[in-house]
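Q: Copying in the features that Swiss-Prot gives for the protein in this structure:
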REGION    18-396  region 'Disordered'
MOD_RES   Ser47  phosphoserine
MOD_RES   Ser72  phosphoserine
MOD_RES   Ser271  phosphoserine
COMPBIAS  291-352  compositional bias 'Acidic residues'
COMPBIAS  371-380  compositional bias 'Acidic residues'
DOMAIN    427-647  domain 'Protein kinase'
MOD_RES   Ser470  phosphoserine
MOD_RES   Thr476  phosphothreonine
ACT_SITE  Asp550  active site, proton acceptor
MOD_RES   Ser577  phosphoserine
MOD_RES   Tyr582  phosphotyrosine
MOD_RES   Thr583  phosphothreonine
REGION    721-783  region 'Disordered'
MOD_RES   Thr739  phosphothreonine
MOD_RES   Ser740  phosphoserine
Amino acid sequence: MGDEKDSWKVKTLDEILQEKKRRKEQEEKAEIKRLKNSDDRDSKRDSLEEGELRDHCMEITIRNSPYRREDSMEDRGEEDDSLAIKPPQQMSRKEKVHHRKDEKRKEKWKHARVKEREHERRKRHREEQDKARREWERQKRREMAREHSRRERDRLEQLERKRERERKMREQQKEQREQKERERRAEERRKEREARREVSAHHRTMREDYSDKVKASHWSRSPPRPPRERFELGDGRKPGEARPAPAQKPAQLKEEKMEERDLLSDLQDISDSERKTSSAESSSAESGSGSEEEEEEEEEEEEEGSTSEESEEEEEEEEEEEEETGSNSEEASEQSAEEVSEEEMSEDEERENENHLLVVPESRFDRDSGESEEAEEEVGEGTPQSSALTEGDYVPDSPALLPIELKQELPKYLPALQGCRSVEEFQCLNRIEEGTYGVVYRAKDKKTDEIVALKRLKMEKEKEGFPITSLREINTILKAQHPNIVTVREIVVGSNMDKIYIVMNYVEHDLKSLMETMKQPFLPGEVKTLMIQLLRGVKHLHDNWILHRDLKTSNLLLSHAGILKVGDFGLAREYGSPLKAYTPVVVTQWYRAPELLLGAKEYSTAVDMWSVGCIFGELLTQKPLFPGNSEIDQINKVFKELGTPSEKIWPGYSELPVVKKMTFSEHPYNNLRKRFGALLSDQGFDLMNKFLTYFPGRRISAEDGLKHEYFRETPLPIDPSMFPTWPAKSEQQRVKRGTSPRPPEGGLGYSQLGDDDLKETGFHLTTTNQGASAAGPGFSLKF
């Protein structure tokens, strides 16, 4: 627009007129020329050419056309006027202002359009760059992910190969150990069989010699009778009298008797070696050296699979012993028949034979009882008839030459307990805890100075025999050996049958007393570690068809190494399929499952899993989850937290005995999530709900609990060795503290725990006037 303004030029009037005149002249010349040309065309068209005919229609049309030449001239004149240069018109100020505004607006709009196009171009450029950058980053992430997955896959493959190699190596070592153990046991059995055969052959030879001697004495009884009587009365031959000829045979019999005693001592050594292998830890503590027997005993503890082989070998030994016992009993019966058939036997010889019986090795317990017999025989060798056998002291038919004589008195311990150590070999330090069916003490082995836990079994009615509860506890705890279950070392006895103790490895803490002294609760990683160990122990019990039936925090032990162990098997028992009716009065009240509270008599492993859920909540909050004051209050507390069950969520709920008799208040909602809040994640709360499911058939098992995602999310479980340590309460002065309610007891007439501690037998606390122990710290033993 600026260029157009600059090209304008103001013309004068003369210039305008001249320009107009010049244009007019040009137009006239052009018109004249056009008319001339048109006349020439008309003249040419008026005269027909040769052979051309006139078209009247066309002529008429042209002549009568509305477009005349004058009109065309006028139109051309108007066009010429529009093309003519006119003088510039004067613009007013207002028009000029408006014109400038329009120009500015157009310029601004044009500039805005240019700026917008530039902005869009830059925006498209940035978007293309961002897209390219994102694509590059995405590609980079894909490559990094592929690289990471490849490295992780390689690492896992290496780890798997390493584990496979270790597993194969362990299997090879295990096979080698089993092979060595089998060879050793086979060698021991072979030696034992050879010894038994030698003893039985020796006994058979002695019986034959004795029968021959009896027959000979029957047919020629009168001649040698007076000298024997004179010798017994002290009127025998003189000191200088010659020794009679038959003295060689009794000397030979005496040598055979000494050989028999040596063979019996060898048998006793073999039985002692078997007892040592059965109590591996005690024998290793006594030896103190790395002998082969100690290594074999430790291997036996680690190998749980070898128990089946040992049981088979023991069955074979028992069968062999029964066969030999049968053969020996047959021989003894034949011998007795021969003795009865001798009608002419003298009355003196019959009285002698009535007091003496032949020894027949029947079982290991008989061989164990032979120790006391052999000791008394050695004591009796100082008598003239046994030890003072000189050349001048010959007795023809002395009873001392007969086979070994059985003692009429019982040994100090019963045969079933032969080989058990005495409790006197332990120094009791202090009392730790009262269990379901006994009292636990902390003691020290006097030989090895090891600290152990001694649990005295509660003998409910010892006059009626060994109590079934104690027998069940010993059998269960010996069967369920596992790293997360208390380890039994041996069984020791006191002076009487009512004093039987289980020797266990000493563990420093129980979770109940530990949580009461802790200033801060367990960390989430520590709770996961404890729960994993608890579930492993419970899984091992359930895999071996064992119900614990008394899981609670006071029965869970924690060592300084962070290893959790399940203890107190006083209420444990084996179960089978199909389920049988058991007593519902089991499990401590706070940890008792709802089916037990409502009177169900058929139950299974689900009762232990409910207790595990209660322990889980107590580990998180350091408080019992359902601390009821009575069974009814316990049921109400459970229903208030979890909601009242119905037949829909618990099939068979309405058929339970307590539900038929009572009506409970309705609690429609589960309020358990509010109780834990931030202490428990969503996965943890899901696991808690599965532990505390009403219907036992839907309650989670220990095996499935170990596979739950709660143990794989962050924070992960910590290593047990990273657990903090606390001072052991059992090693300090015992203080009274709040405990969970007592478990169900053994019924009417069941004596209170710890009553025997006040008697003169068993453990007794003896102190001086100043309060110090009279015989060192702790308890002293009295019997």
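The backbone N, Cα and C atoms fix where each Cβ goes, glycine too.
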Q: Return the residues near Thr476 (phosphothreonine), defined as same-chain residues 6+ apart in sequence whose C-beta is under 8 angstroms from its C-beta, sorted by sequence, else 'none'.
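A: Ile546, Phe569, Ala572, Arg573, Glu574 - these are the non-local Cβ neighbours of Thr476 (phosphothreonine), listed in sequence order.
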Q: Roughly where does the domain 'Protein kinase' (427-647) sit in mean pLDDT, to the nearest integer?
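A: Result for the domain 'Protein kinase' (427-647): average pLDDT 86.
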Q: What count of other C-beta atoms do you get within 10 angstroms of the C-beta of the residue listed as 'active site, proton acceptor', across all chains shown?
A: 25
Q: Specify the count of other C-beta atoms within 10 Å of the C-beta of Ser470 (phosphoserine).
A: 20
Q: Looking only at C-alpha atoms, tell me how far Ser470 (phosphoserine) is from Asp550 (active site, proton acceptor), rounded to the nearest Å.
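A: Cα-Cα, rounded: 15 Å.
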Q: Which three-state DSSP class does Asp550 (active site, proton acceptor) fall into?
A: coil
